[in-house]
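S.K.: Take a look at the following structure, please.
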Amino acid sequence: MAPALSTSCSSVMAFSTSNALRYHHPQISLRNSLRAPKSPSFVRLPLGKVLQSRIVIRAASSAAGNPQSDADFNPYEVLGVNPIEGFDKIKQTYGRKLKDAQRSGDEATAALLEKAYDKLMYAQLMNRKKGVTFGSFKVSKDIKYADKQPIIPWGPRFSRSSKNDMLINLAISVVFSAWIAIKRNVEYKPLQFMSFVFVYRIFEKLKSFEAPSSPIYNEEGEESGRGLRMGKRLLRSLSLVFGSILLASLAYTGFLNGIEYMGYSIPMVLYNNQELIVTASSAFMLYVIASFYR
């Protein structure tokens with residue numbers, strides 16, 4: 001009996017030990033396993049990124065040429081000018097406002113002014129063959145005659161002045177020519193005064209045709225390059241005026257030399273009226289240069 005009892009006890013202990021060493025499978029509820037974690041249906045971005053994305057989208061739309069924004073954009077309201085005003089007046093207003101905006105550091109206003117001016121320039125190019133669009137709004141002279149380039153790059157360029165300016169130039173030429181015709185003993189004084197008057201007239205004409213440029217300021221707050229531009233205008237004005245006088249003087253001298261070369265004697269009328277002829281011919285050439293060229 002003893003051996004049998006010992007055997008049964010050992011078998012019971014072995015069965016208990018084997019059950020104790022078994023891994024219990026975790027009981028996972030089917031309901032819990034099918035439950036999905038709660039998550040929002042949209043992605044939330046910080047407010048700064050949202051505003052930045054809106055700005056990028058608007059900039060891309062503007063760069064792509066949004067037709068609705070271009071249709072609503074009025075360049076005349078941006079520049080604060082009247083559509084019937086001349087283009088030279090519009091250009092001066094644009095240059096003044098652009099300079100003020102850049103000086104104050106307002107980049108948004110400067111960009112808006114440049115966009116308005118570019119749109120008006122494009123309209124000018126489209127209407128350059130018409131001459132006048134409506135009212136007294138005329139195509140700018142440098143756009144209307146843009147393809148009429150001179151043979152010499154630094155030579156005079158065709159630029160017809162307004163009727164009022166042409167009358168002023170004609171009056172100046174007539175007055176100084178009449179002065180030397182009435183008073184023969186003044187020598188070349190009328191020519192000297194007339195030359196300085198036409199230097200000023202041509203200088204102002206060149207200034208009105210100068211395209212507005214973005215000013216560059218140095219460390220002291222002064223605009224750099226302004227003196228250089230004024231110097232170029234003054235040098236060109238002096239060159240045009242004194243070049244015309246030199247051409248008239250050479251023409252007179254060459255004419256007299258040609259008469260002598262052909263074996264004829266110089267008439268006394270030409271010989272005694274040298275100052276009058278040179279001054280009158282110079283006045284005519286200066287009138288043509290100041291009225292039709294720049």
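A Cβ is built for glycine as well, from the same backbone N, Cα and C atoms used for every other residue.
Below are the features I grabbed from Swiss-Prot:
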type	residues	note
REGION	74-152	region 'J-like domain'
TOPO_DOM	59-164	topological domain 'Stromal'
TOPO_DOM	183-233	topological domain 'Chloroplast intermembrane'
TOPO_DOM	257-275	topological domain 'Stromal'
TRANSIT	1-58	transit peptide
TRANSMEM	165-182	transmembrane segment
TRANSMEM	234-256	transmembrane segment
TRANSMEM	276-293	transmembrane segment
S.K.: Per DSSP, what is the residue tally for the topological domain 'Stromal' (257-275) in helix, strand and coil?
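M.R.: Counting residues by DSSP class gives 12 helix, 0 strand, 7 coil.
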S.K.: What residues in the same chain, six or more past the boundaries of the topological domain 'Stromal' (257-275), come closer than 8 Å to it by Cβ-Cβ distance?
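M.R.: Same-chain contacts beyond the flanks: 180, 184, 186-188, 191.
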